[in-house]
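So that you can see what the record holds, here are the features copied from TrEMBL:
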type	residues	note
DOMAIN	6-152	domain 'Lactate/malate dehydrogenase N-terminal'
BINDING	D42, N105, V129, G130, N131	NAD(+) binding site
BINDING	R92, R98, N131, R162	substrate binding site
DOMAIN	156-330	domain 'Lactate/malate dehydrogenase C-terminal'
ACT_SITE	H187	active site, proton acceptor
Amino acid sequence: MAETIRVLVTGAAGQIAYSLLYSIAKGDVFGRDQPLVLVLLDIPPMLPVLEGVVMELQDCALPILKEVIPTDKEEVAFKDLDAAILVGSMPRKEGMERKDLLKANVAIFKSQGAALDKYAKKTVKVLVVGNPANTNCLVAAKSAPSIPKENFSCLTRLDHNRARSQVAMRCGIPADNVKNVIIWGNHSSTQYPDVHHCMVSVGGKDVAAFDMVKDDDWLKGDFISTVQQRGAAVIKARKLSSAMSAAKAICDHMRDIWNGTPEGEFISMGVYSTGNPYGVPEDLIYSFPVTIKDKSWKIVDGLAINDFSRAKMDATAAELVEERDTAVSFLGV
């Protein structure tokens, strides 16, 4: 058996975590022969609920799950971590300004970044899910100066999967037959789902998505807005935010970090923008197309960007610059 790893999930009593923890504990993410300790962090009022989650994990009788540790203390939660999945964040309440939301989350992710810096392994891989995910991720990374910025990423895989699925449904094929969609920018309604480099596999042959769909107006219009607004559509229908699909996307994201991306395929994730080849402003967490090998990501270089794409990439970057500047003013650095 491999050496046991420690994996933290925050917001562990919440609904995303409830869909996520079983998949991690049975080996869908880090491997079926990778023993692990699950550390579950939540706020003190949620501890009784967390106890129930612990009981259920125990009752699954899973072979690789060595221990489950519920806690409300950062010094326990962040100790010696190999992976941290930061799901918990302050949700936006009715009548709340975006600035107030940012301020509340800066406090959370500054504290968690500092805890990572102090207690976690320097090799820890950190995935930020709690919204605003890109900026929360940047705050955590800035608050953990001894951990490489490359170890931090935020979740845009849900948007990526949504885009992939929309193209697949339009073409009447399985989602597996669609590859290399791209989500550029912020995990918000300014994100840019881009299919200019997307390939669709039909009858064993790869065809460009634009050639297969044969509806440029849809691909440049309703397709984009459907992906951008999908989270809101789920909330409207369920009266709850995406949980099952978010958990699946987290699993996809972390599994790819651990095991690498398939040859000839790239995926989308929010990563540190400094030194990127696409003219995106530096010092942001921005979603790019990446490939992953040996647990290290690399932005896919050399993709042609037309004027339509450029304008959308710039618009989402502008929003992230504004978010970052507001967040940094709260950080006091």
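Glycine residues also receive a Cβ, built from the backbone N, Cα and C atoms like all the rest.
Annotations in TrEMBL come from automatic prediction, not curation.
Of all the binding-site residues in the list N105, N131, R162, the shortest Cα-Cα distance to the residue listed as 'active site, proton acceptor' is found for N131. Counting only same-chain residues at least 6 apart in sequence, those with a Cβ under 8 Å from the Cβ of N131 (NAD(+) binding site) are S89, P91, R92, N105, H187.
Counting every protein chain shown, the Cβ of V129 (NAD(+) binding site) has 28 other Cβ atoms within 10 Å. Secondary structure by DSSP for the domain 'Lactate/malate dehydrogenase N-terminal' (6-152): 66 helix, 27 strand, 54 coil. For R162 (substrate binding site), the nearest neighbour among the listed binding-site residues (D42, V129, G130), judged by C-alpha distance, is V129. Checking each of the binding-site residues D42, V129, G130 against R98 (substrate binding site) by C-alpha distance, the shortest gap belongs to G130.
Other C-beta atoms found within 10 angstroms of the C-beta of G130 (NAD(+) binding site) number 25, with every protein chain shown included. Maximum C-alpha to C-alpha distance over the listed NAD(+)-binding residues D42, N105, V129, G130, N131 is 16 Å.
Largest CA to CA distance in the substrate binding set (R92, R98, N131, R162): 25 Å, whole number. Around the Cβ of R98 (substrate binding site), a 10 Å sphere holds 13 further Cβ atoms from the protein chains shown. The recorded positions listed here are R162, H187; among them, H187 has the most other Cβ atoms within 10 Å of its own Cβ.
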